[in-house]
Each structure stands twice: as structure tokens, then as C-alpha cells.
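Peer 1: Please see the structure below; I have some questions.
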Amino acid sequence: MIREVVDREEIKTEIASLSEAYKLEILNSIPEDEAITRYFIGNPDTGRSEPSLFASVIIPPDDYWWDLCAGPHLNFTGEINPDAFTLENIAGAYWRGDETQPMLQRIYGTAWETAEQLQAYLKQKQEALRRDHRKLGQELKLFSIQEDAGGGLVFWHPRGAAIRYIIEDYWRKAHLEAGYELLYTPHVANLDLWKTSGHYDFYRENMFDSIEVENQAYQIKPMNCPFHVLTYKHELHSYREFPIRWAELGTVYRYERSGALHGLMRVRGFTQDDAHIFCLREQIADEILGVLNLTERILSDFGFKNYEVNLSTRPNKSVGEDEVWELATNALIQALNTKSWNYIVDAGGGAFYGPKIDIKIQDAIGRLWQCSTIQVDFNLPERFEMEYVAVDGIRKQPIMIHRAIFGSLERFFGILIENYAGDFPLWLAPVQLRLLPVTESTREYAKSVASYLKKFSLRVEIDQTGERLGKQIRTAELEKIPVVAVVGKKEVETKTLSVRTRIAGDLGVLTLDELVNRLQEAITLKTVI
């Protein structure tokens, strides 16, 4: 494979002569200061001189093929292992992901060093399809996206909403225990707020169009941060109040092209678990460590114990004092070292307004998902002229730490669905126990059992289909109900239940109190049963 740097105007002429309109558009989008390169397979002067895997398929003898490409590549196509690549599928795709552009055909393929790596990838991909949250979301009646309402807008159905309530309730309690206070802020704000924050200048393409109310422009919020800043600025704070920790489950709206939308993973309206900490310089390290501890606790409780951690440091263009950048970066490093977490340094990869830690969680089949972010922000305190009264009576600028643990409730829920393949641990299951009446005569006992169990905050329902027992059990299996209890004549007479779980199988005959104890233990320990 031969690399050639080409003249921009000459290659434009050559591509135009080939009627390659899309390739010409890509060429015109390359910045003027970047070199234009193309690669040849074969030698354009002498024909192909090296043996090629594709010799009899693509390139005739004594011929060559070229295309624009940045590269680099292997030296020869013969270095590709013929047993370690495959074409996967063909699908329609809008040109450059823009639904206003023509629909093209995209060919998907993958290549690996060894056949074993390829097979492992294909196995993981097959398992990922089985766990696809879009498919399971429909089958388990968790959520839907209604095109009548618009793409990327999530409808939480009763069972999905039940899980969301559990997640939110857990999140609130965990934050209150960790010393946070909760906020609620509006969904829209005057457009000038977004100009002050900088979002209008730097983030406009991801914002919906503004709306006009009484001759004033308002913007539906793409971020929660400016609202927390305004809450802070409502009154003057003293150094004695620090650290101030505020958290909110705030719904935001961001424009995404329809071609980029993907189930719960990429939506237009979602709820962020945003929190902001306002503190003194000497408090940064302790606050970062506190955030890491809380993040570890929460992710672990939801079943995620393996992470990939990235530390992004100061880029060439940035705002803020050198001293504070160094202090904040060292605080992040110190906290990571205290946790004994391995991390990857992304030198210069931080935002212009501060260094950050990104945490990717590993799911049950080994995939990594970007989840938690801890970001020191020097930009908003400066833009909004935030102040506090220091110990010497002088007004100074506070340190602001932005952090999210789930990132997005919608996306995190999608990850949960795929991680557990819909088999949620008991504490998260929307229906924890289903009672299966064998006959109509046992239905009244089932109702009394359900009423009793609900007193212990257990989520219980009764099969109302009237189907035979085998069909009821099969339906519960398909709906991934973690625990079922058969209610027959014998159970009515002995005031017991015959209990079976999806994981452990038959638990035998249990009294109601024995069942309550078993379920409550599994819920408390956040384990499957």
C-alpha cells in the first residue's frame, strides 16, 4: 500500500472527472492547512508487484486501486489474516448522518489479528443483540419511543417507570446521606442566560431553537449548570458555608440528528443526575475523594464493579490561573491514588475550563460504557462573577466541581437492561413476585396474600389471565418475573405458598413470613434470588 501526498486542486479535478460527488464534498471539508493523501493498492506505475489477498477478487493483474485516506495502513494487504475478517451486514444510512441528505448503503465489516479474536467479537456481538435494550424494552413493556410525539423522546411505561422511581429514590437517599442538598430548577430560561454561560456560543448546534414569549427569547435548557450557579448567586455566601453540595435530577433537551438517535442511549430529552460542589481551594482534594467514594458505592450497588478511568489534563487553550489548574489536577490525581485506582492520562484532553475524570463501566459481556464524570470548572464562576466572603473579609471566587454519576437516567437504564439482559436483581425488578392461582377458588386467598405482602413494600401482582398453571409459569418466565408463587388448594389450607425463582429454582413451600424474610434479605443485599 503506497501513500502519496497530492495537490488539492489536482485531486479535485481528478475526483470530479470520476463523478464522485460525495468524495468531492469530503475533500472540500478538509481544512486548507491539512495535507491531502491517497493510498494505492498496487503500484500506479508498474501494476501490482506484491501478492495480495484480494488479487483475484478486486484488482486484476497489472492494475491498481486508490482512494483518498488519511491512513496509516498495513504495508501490504497480504498482511491481513484471511481467517480473521468478515463482512457483517449492509444497512441504509443518511449521508453524513443528516436525514435531509440522500440515503446511501453502508457496508459493515470487521478485521482482527487472529481468528480467535474475530470469533470472540462475533460471539459478544450476538450476545449484545440478545440483550439489546430496544428489543427487551418492548418485550418487557418498559418504555417506548412514539414517533407521533417525535424521535428521541422517551415514554416510560408503568414497569419502566417503577424502576426509574427506585433508581431516583435510591439516588436521593444516597446523596442526602453524603451531605448533598437537593434542587429543582426550571426547564427554560431567558436566552441571555445561555449567552452568559457560553453555551449559546459553543454549544448552539446541540440546542433546540429558542422560543419567543412577550418579545423575549427563551431557551429550553440543554444543561443544568447555569441554574445551579444562579441559585448560588441568589445570596452572598461565606467561607464558613463551604463546601456547598447541591444535586438535581434535572431534565434537559438537546438536538440530535434523527439518524444519530439510538433507543435510550442517544435521545433528545433526558434526565441528568447533576451535582455541583462549591468549595475552597484547600477543600478540592477531599471533595473529589468524596465524589469518587460516592460514585463507587452507587455503581457497585447497581452491579458495576469494574471500570476504566481516564484523567484528562489541561489543553493548550484554557481559562483559569496556572496555580489553580495545577492544584485541581493534583487533587484529581491524589484522589485516584488514594482509591488505588488505575487510570489512563489523556494529556491535554481536558476541557478548556478544567481537568476531569471520566469513568467507563464494564458490563456483563465486557463492553465499556461512558458513565460518570467529575469536572473542575473554572469557566462558569468567572463568567457569572461568583463570589464568597473569605476569612479575611475579601470577596473571592469559589472553586466549582461539576459531577454526574449516571450521566443520564435514560442511558443508564438502557445500560442496566443490557447488563442484566432484563433479569433485574430483586431490588430493581418492577414486579418482584407474581402469584399464580391454580383455580378460581384460590384467587381470594391470592388477593389476601398480595395485600399482606404489599404491607412490606413488596411489589406483588396476581396473574389475572385464568390460564392453566403451566401457561402462567411460562408467561412469568418470558416476562422475567424473578419470583413466582403457586396458589393451590393445599396452599390455601396450610396458609403457605409454593415458591420458585428464576435463578435458584424451586424454594419449596414457605410460610408468608418466611417468604417475606427471604425477599427482604435479597433486596437489602441487592442480590438475585
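Cβ from N, Cα, C; glycine included.
Automated prediction, rather than curation, is the source of TrEMBL annotations.
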Peer 1: Per TrEMBL, which one of HIS175, HIS187, HIS262, HIS276 shares the Zn(2+) site with CYS225, HIS402?
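Peer 2: Same Zn(2+) site in TrEMBL: HIS276.
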Peer 1: Does DSSP give HIS402 (Zn(2+) binding site) helix, strand or coil?
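Peer 2: DSSP assigns HIS402 (Zn(2+) binding site) to strand.
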Peer 1: Applying the rule Cβ within 8 Å of the centroid of the Cβ atoms of CYS225, HIS276, HIS402, what extra residues of the same chain belong around the Zn(2+) site?
Peer 2: ASN224, HIS228, VAL229, ASP274, ALA275, GLN375, ASP377, LEU380, MET400, ILE401, ARG403
Peer 1: Of HIS276, HIS402, the binding-site residues given in the record, which has the fewest other CB atoms within 10 A of its CB?
Peer 2: HIS402
Peer 1: For CYS225 (Zn(2+) binding site), which DSSP three-state class applies?
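Peer 2: DSSP assigns CYS225 (Zn(2+) binding site) to helix.
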Peer 1: Do any residues at least six apart in sequence from CYS225 (Zn(2+) binding site), in the same chain, have a Cβ closer than 8 Å to its Cβ, and if so which, in order?
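Peer 2: Counting only residues 6 or more apart in sequence, the Cβ neighbours of CYS225 (Zn(2+) binding site) under 8 Å are SER197, ASP274, HIS276, ASP377, LEU380, HIS402.
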